[in-house]
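Visitor: Quick one: this structure, given as structure tokens, is what I'll be asking you about.
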């Protein structure tokens, strides 16, 4: 055997060309076998595999980890061909039995996954037809429904899915990171070359351009083609004096229902739907119809002709719902046209709602807010002033949590946002261990982190307010709780201090979308009070100190709900 091997080596040393030829043939044959196994090993998806619920569902934990967590929303229509292929997203990939795995062969799984990815992308394209590149403008949007931004992870599919979920017919992307939805395109198309910006979260894909929208028409599922998301009940209100000016669009509906009126106003792209018996009125919240003086709901308790368990209001008292249409009157934002002559701080203890207040200020003034720090996650969510140096003078105010004398005296004026310390400490703890809108894990609350956090941060809550009251040059105190309760008045005070003319219609627009995407969900709450008796005793003493300091300056003391606990 050794002699045979030696002769074999000597032969190829003398004939190197033959050796490399033989090697190339060997590799080619191996590749063909590999490709063949990939095509032959790809199984068709049976009915039960396409719908795991029908088959009893997959085993727990069988989902493949490499697929990520994006799921195809119910807004898209499931095409007939979809049942014959495996999707990249959702539950169809969960669990494969031993026989199916055997069909894939040793290498077939990897190859067929790549093949399926290509096929599924083609199927996804059938659910959204590309229309073209369109002109867009902050003053006159091409698509006037909801919008959302992500300057880090935006993809075409994500935008389409979000718009389809809300029942919109069109979805468009621009600046590589901004997604807009609408029921009709209200702009002219331009050259395809002008949509030239790559998606932030999808290399090789185009997501519009500078003030240019890449627009897609969405193929909606039958059940969502007339669904426009959940309308928000605003209350019962007296008929406005000048109805045609307050609510400019009206339709008579003999078979009136809440859905019909909401759908009608959504199609007309108005954020308010007002039911008045057999009449449906659409419009915006304005000074003529501000939605501030709610009436007793019994005054609107007239049954709908098409839905006996719904109230449709009367000709004198309207039932009002807020549709999913975004009020764009307060969405335009920009940097200050010239360098500001004064630096105004938006000062707060961490967890007191500073990010939310920035969102409100930007909507109310139309100018970006800045920050003493730099938070990339906030910049990616649309706070474009986050990247500017805090002394640039291009932003309307500056977020800061600082409380030293030197840092405070660097500002010419300040809005001091104060929040209940019990709520603020928990919010900051959640942010520290769960992100801006996330939550700390149960282990963090039960571990040593929480007691140590309270011990270090509770004194800071008091000294932060006391320092700003002592060293601040011109301080406007705003309580977080008052801002939530009476946003129109409190935000108006804040805008006045910033030196911007208060536009009431713009403040009403802010009221309709006050939460934005920067508010932690209230659905997840601790099932117990994390504050021990000793913690409560210490914090109550700090509350009394702050209350006395406020009253000593002829200001309103802390709200009553700060104590007792």
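Quick reminder: no glycine exception, Cβ is built from N, Cα and C everywhere.
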Visitor: Swiss-Prot tags one of 242, 255 as N-linked glycosylation site; which one?
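Guide: That would be 242, per the N-linked glycosylation site annotation in Swiss-Prot.
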Visitor: Quick check on the record annotations: which of 189, 554 is tagged N-linked glycosylation site by Swiss-Prot?
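Guide: The residue tagged N-linked glycosylation site by Swiss-Prot is 189.
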Visitor: Just to be sure I understand the packing, how many Cβ atoms besides its own are within 10 Å of the Cβ of residue 189 (N-linked glycosylation site)?
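Guide: By my count, 16.
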Visitor: To the nearest whole angstrom, what is the C-alpha distance linking residue 189 (N-linked glycosylation site) and residue 242 (N-linked glycosylation site)?
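Guide: Checking the Cα atoms of residue 189 (N-linked glycosylation site) and residue 242 (N-linked glycosylation site) gives a distance of 38 Å.
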Visitor: Residues with Cβ closer than 8 Å to the Cβ of residue 242 (N-linked glycosylation site), same chain and 6+ apart in sequence?
Guide: 288
